[in-house]
Amino acid sequence: VGNYKRTVKRIDDGHRLCNDLMNCIHERARIEKVYAQQLTEWAKRWKQLVEKGPQYGTVERAWCAFMSEAEKVSELHLEVKGSLMNEDFEKIKNWQKEAFHKQMMGGFKETKEAEDGFRKAQKPWAKKLKEVEAAKKAYHAACKEEKLAISRETNSKADPALNPEQLKKLQDKVERSKQDVLKTKEKYEKSLKELDNATPQYMENMEQVFEQCQQFEEKRLRFFREVLLEVQKHLDLSNVASYKNIYRELEQNIKTADAVEDLRWFRANQGPGMSMNWPQFEEWSADLNRTLSRREKKKASDGVTLTGINQTGDQVSQLNKHSSSFSVQSNTVQSVQSSYNPFEDEEDTGSTVSEKEDNKIKNVSSYEKNQSYPTDWSDEESNNPFSSTDANGDTNPFDEDTPPAMEVRVRALYDYEGQEQDELSFKAGDELTKMENEDEQGWCKGRLDNGQVGLYPANYVEPIQ
């Protein structure tokens, strides 16, 4: 009696399992969405790097095909996320709403119906069982009383102090207890027989309610199986024709990469086959030969040109793969001082991919295929107006109406090769004297130990402690 509650509890468990399955699908959909976003951001960032990088021709197109693959796969995973939430999640939610009906007083209608059905089917049999238990108790009490009366009678026969009248009473009590045992036994057997007779009907009624619960549970189990199969179809991209086409196109793009064609293109556009601009006679013009001072040039442009970056120590030995010249904003020069490994695992600091994207773009690639190469060149060092012979002369172009600053000894952090005549050149670890503080464009005036005076980027050095 009462053991049907395990079957009734299964109905409440079924409602809770629907919630669990919805939460499970919702989490997977969120993962698909995040993965799709990360693929898109990865493709966008690396597409920019490859397009600006030194790779060219058909191999560049083959490399970029991976970014196109990522964008297309991202779209498919967004479709997976949409299918999971718009179809599977909603289907479970609607089925749960139709299958389980909440009551005003709490609980579900289906649970109460099953509870009432089992209780109603069990009530007649439970009543007879109660009568059997009472008859059994009375019979066992009579047996106990009989045994006690016989024991007293036996003990009285051995006691000479008892008179015949007392002995007679004990014997009468034994006789009455025997009759009570017979009477209660008969009643116990009768109630037990009635219970046995009612058991088949009881089992039939209980099984009928149990089968109703089984049918309700069968609907849930079959529904779960159906939903799981649909989820499997939505997750399995191997059977999606567009998914196969993505990698078929990727393979074709990679196979179309042709080294001979790329070399032919480079020869025609960047090598001996390109159109030449041989020097020709030019008349002198005062406007054409007017030169701007370093400070005037910097004011005309927001950016500065950094050259010859070679990091030392544990940092990357070469930040530039093919060239030592690239352009960055003056407020981002600091970023080149820290090396970045794009293949290290990112720590879970709570920052999103988009928050890290800008820093990665600045650091991963410092070379652009369309960069401008310096045209000024000289094979004579005597052209340097800042050589030691005239460093203290009257022709120093750095004589300006600026108050003198306290000279500070500094040490170079990176190699720097001056690109113009008024710039210093030094190696990482060299020491020099800072003569003027940093200006608005991030340049300092300094003097090498050989007496040469010129400009250098302020954040290429550090003060000597």
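Placed from the backbone N, Cα and C atoms, the Cβ positions cover glycine too.
Unlike curated records, TrEMBL annotations are generated automatically.
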Correct range for coiled coil (source TrEMBL, candidates 103-134, 167-198): 167-198
Structural state census, the domain 'SH3' (405-465) (DSSP three-state): 3 helix, 28 strand, 30 coil
Averaged pLDDT, computed only over the residues in the domain 'SH3' (405-465): 88
